[in-house]
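Pulled from Swiss-Prot, these are the features on record:
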type    : residues                    : note
BINDING : Cys37, Cys42, Cys48, Ser274 : [4Fe-4S] cluster 1 binding site
BINDING : Cys63, Cys67, Cys70         : [4Fe-4S] cluster 2 binding site
DOMAIN  : 49-263                      : domain 'Radical SAM core'
Amino acid sequence: MADRVRKPEWLKINIGANDRYTETKRIVDSHCLHTICSSGRCPNMGECWGKGTATFMIGGDICTRSCKFCNTQTGRPHPLDANEPTHVAESIALMKLDHAVVTSVDRDDLPDLGAGHWAHTIREIKRLNPQTTIEVLIPDFQGRMELVDLVIEANPDIISHNMETVRRISPLVRSAANYDTSLQVIGHIARSGTKSKSGIMVGLGETPQEVETIMDDLLAVGCQILTIGQYLQPTHRHYPVAEYVTPQQFATYKTIGLEKGFSIVESAPLVRSSYHAEKHIR
């Protein structure tokens, strides 16, 4: 199977730990915070933490969904931590971040699916860090646009929602998520005037034509920024890698995406949703 093939050289990284990495880890740990960097086993954690940046994950570290590509734990989440928004905001201040990225687990167990907690977190970050720009990577909120509006009204600078993969593969790997619902969420964000962003993985068995189709679908609803990265199987229990896409093909996807009309396309094997996110605010 493809997932048992040795990873190509371009996917080998050196995590390395400099003083900034150690300090970032200390701040995250001391505030009892969760990051998608560690829970998602992000290949860029060494680089990002070494620069003093991290993607904070709110709502706890247990997700109500069980997507076949994701390493985040699935189960019954704990009650929300009312102090979490302040802890995240304080950590951002300690890290002296110019740009902060926040994501969350899915909280389908909550009446508002966690949208109120999202809005509180954004406002608290703004209160303690008025000069910091904010990007949020949100769940689909089951397509309930009144909940998406709670996030929009908190006024982050960029709102991202990941399509994850092409239409054909989406039902095979996404738990309780729907391709068209995700498009509707992104379109709703774009129509609000907020800068919109989405991300996909490749290497799941999609074709280049399917990648172009999802680009067209995203552009049709107003998406401005696209990230494309290689899917890496977290464990043997997860969906297998079908292909290791070459750096040349990633470069081709970037060229195609820009020609089609995206304002920014990040496309490379190790690209993840928040990779170089600080550049997307410009």
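Just so you know, glycine gets a Cβ as well, placed from its N, Cα and C.
What you see is a predicted model, and the numbers here were worked out from it, not measured in a lab.
For Cys70 ([4Fe-4S] cluster 2 binding site), the number of other Cβ atoms no farther than 10 Å from its own Cβ, over all displayed protein chains, is 22. Set side by side, the binding-site residues Cys63, Cys67 differ in how many other CB atoms lie within 10 angstroms of their CB, and the most is found at Cys63. All chains included, 29 other C-beta atoms sit within 10 angstroms of the C-beta of Ser274 ([4Fe-4S] cluster 1 binding site).
Rounded to a whole value, the Cα-Cα separation of Cys67 ([4Fe-4S] cluster 2 binding site) and Ser274 ([4Fe-4S] cluster 1 binding site) is 19 Å. When secondary structure is read from DSSP and collapsed to three states, Cys63 ([4Fe-4S] cluster 2 binding site) falls in the strand class. Note: the CA-CA distance between Cys70 ([4Fe-4S] cluster 2 binding site) and Ser274 ([4Fe-4S] cluster 1 binding site) rounds to 16 Å. For the recorded site, Ser274 ([4Fe-4S] cluster 1 binding site), the DSSP three-state label reads coil. Here the Cα atom of Cys63 ([4Fe-4S] cluster 2 binding site) is found 19 Å from that of Ser274 ([4Fe-4S] cluster 1 binding site).
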